[in-house]
Amino acid sequence: MSRFVDKLPFFDRRSSLMEEAGDIPRSGLLHMHHHQPHHSGLLMQPQPSPPAKQSSFTLAQLLKRVNEARSDASSPTSSPTHSHYTIELGGSVPGSTGSDLSERIGGGGGDGPLLPFVLKFTDLTYSVKQRKRGPCLPVLPFRRGAGEPAEPEVSRMKTLLDNISGEAREGEIMAVLGASGSGKSTLIDALANRIVKESLRGSVTLNGESLDSNLLKVISAYVMQDDLLYPMLTVEETLMFAAEFRLPRSLPTKEKKKRVQALIDQLGLRNAANTIIGDEGHRGVSGGERRRVSIGVDIIHDPIVLFLDEPTSGLDSTSAFMVVKVLQRIAQSGSVVVMSIHQPSYRILGLLDRLLFLSRGQTVYYGPPGALPSFFNDFGKPIPGNENPTEFALDLIRELETMPDGATDLVEHNKKWQMRTAPKAKHHDGHGEKPSLSLKEAISASISRGKLVSGATDGSVSVHSAGESAPAAAVSKFANPFWVEMGVLTRRAFLNTKRTPEIFIIRLAAVMVTGFILATIFWRLDDSPKGVQERLGFFAIAMSTMFYTCSDSLPVFLNERYIFLRETAYNAYRRSSYVLSHTIVGFPSLIVLSFAFALTTFFAVGLAGGADGFFFFVAIVLASFWAGSGFATFLSGVVTNVMLGFPVVVSTLAYFLLFSGFFINRDRIPRYWLWFHYLSLVKYPYEAVMQNEFSDPTRCFVRGVQMFDNTPLAVLPAVLKVRVLRAMSQSLGVDIGTATCITTGPDFLAQQAVTDLTKWDCLWITVAWGFLFRILFYISLLLGSRNKRR
């Protein structure tokens, strides 16, 4: 039978990050009644539940009611009598009553509140295959001994984690230490569910319950070792965009701005709020400030669990201390903080609550920092009084690793130490007497305090307790709908483009210079046979230039690839939103480039068609830019390095030009290569501009004696050419004079085998190629942006 608990004391145990931001009510989901004076540490008398049957509430319902309660409380039209609320948590555990739950949450009076969140990991083991690589060239038979068999390629397993156990609690910082290659980052990845379940053995639980992958993404955050930020955005803009991604649409923009301002103050970034992040070419914030911005981006939604991979790496002592001090405040606001750190200073050591030392994937110490002296004293290696305990421990571990047995003795000593000290620690913490809160209760209570601003507050989260039947998990992956994500991504991309105009200016200059060179070389082409050949050369070079200039789209995604991976790892936005916004932002520049090239070349070369011909030329140039940029974008999703991408783009475009029909006509291409002709991106715009130029049947390109051009008879005198022409007329019985039209535009198209498609067909096929490549880009993001180790 469910009961109602009035103003649970542990809800206000610590100030929440969101409480600083927006003064949002923290009382949770509540039944409305008048204020009654009472002591802040005492529970009100529970009200009786209605006689009607009522099933246990899922977390989704609790979240939805919390959201509704906040909306009611913040609404100016709400009734003044609705000034106090009560959250209903009954039904999480079968048979629990309000008094039982009050005792479990409040700690039963004098003992104080229990820690609601405990992240426990047990016997984590992770191994990877290592192939024994032999020489590049195989050993020849005569180089081996007589009868000696060929040595097979042997794969052996390397253990990165070996039965690692421990726990991290809310309000504390657990630090993972060890030398390079000890397994620190691997352990953080294992806890953050960044290793596929099939490869990782052991268990990771939160409050004794296994974590669903989608739920973990909602309630946690992962801060990578590298600072992956847009260099041209300011600190405030970076955090504001993160807020728009991670905070729900139901939260007003005003509250999001308050959240960002509060976070800036908490991170100590007020003086740098309007400074750009910067990079090698642009001066920006310092290294410590950049690291704090990276942390702020991932904690904007106030996560319950925070993982960090060496957040102090590369920072000076003061900056590193400030970063860890910020992490301590985050932990004290109601979060579980797990971090790896290389070598903490004395001051940083004083901020840490639990230490886990690793050596080649094995635990050599797990416990509080204060127990290090007694631990190593029992091992027979006392720590000198004037030395940093962690530095001493790491130096000793490195020394032991150089020995044949490694740190085996220290690993065994830690096991005995843990068995000896575990009962004392358990009794001291008080967790041996009372059970911790279930995951459902802890998350709902944490949300009522203002934690976990993002996530599904629309009723789409379902979490079951250990005693309940396990329904299908339905966790809302994203905080905002598709169109909101696309709008925010588009605004951010336009802002970045606006602040780096040199990229577009260089691209425009390249197109204009190319157009100017082509215009001056092919100036005012006539309608002679030589003019026809020159037109073909102009079209081939012009259309291939469109694709080659699009190769600069390749580094656009590669430069922000890891930012994309970081943001999508915890569902900041959908991949489809990114692809569409990427397309929208890049399209206006393609229009400008198309008109610039067409205005530079069309009238100077003397192409036909008038206004209709000009606008079709603009359209096919735009379609070429569209398909070319799509092709480069797709390749940027497949390759991971610019140095690999450019050779692929250049060589592939060269093949497209080779099979376009300019060097060899379609009817002359061997059958076994004909398929590549139809795959050539250059084929369709090349044939489109040819048909736009030569489709007029009234336009003549070869008259009378001009038929001898481009033949050995071209060297004959004009009088002799006329005589030959008359002889041909008499022989054929057709009057062929010097002004007789021999070859029209359609005749020339037939000679070039450009007859299978119309110019509009070629235009739409080119446009379709652009769409296809962007769909393939999206698929490559789905398949290639996995954030888990194998």
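From the backbone N, Cα and C atoms, a Cβ is placed for every residue, glycine too.
Feature annotations, courtesy of TrEMBL:
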type     : residues : note
REGION   : 29-55    : region 'Disordered'
COMPBIAS : 39-55    : compositional bias 'Low complexity'
REGION   : 67-107   : region 'Disordered'
COMPBIAS : 74-84    : compositional bias 'Low complexity'
DOMAIN   : 119-385  : domain 'ABC transporter'
TRANSMEM : 504-525  : transmembrane segment
TRANSMEM : 579-608  : transmembrane segment
TRANSMEM : 614-635  : transmembrane segment
TRANSMEM : 642-664  : transmembrane segment
TRANSMEM : 763-784  : transmembrane segment
PLDDT averaged over the residues of the domain 'ABC transporter' (119-385): 86
Spatial neighbours of the transmembrane segment (614-635) far in sequence, C-beta under 8 Å, 6+ residues away: 542-543, 546-554, 556-557, 582, 586-587, 590-591, 593-595, 597-598, 602-603, 607, 645, 648-649, 652, 681, 685, 688-689, 692, 759, 762-763, 766-767, 769-774, 776-777, 780
Surrounding residues of the transmembrane segment (579-608) on its own chain - C-beta under 8 Å, 6+ positions past either end: 486, 489-490, 493-494, 497, 504, 507-508, 511-512, 514-516, 518-520, 522-525, 535, 538, 542, 546, 549, 553, 556-557, 614, 617-618, 621-622, 625-626, 629, 633, 692-693, 696, 699, 774, 777-778, 781
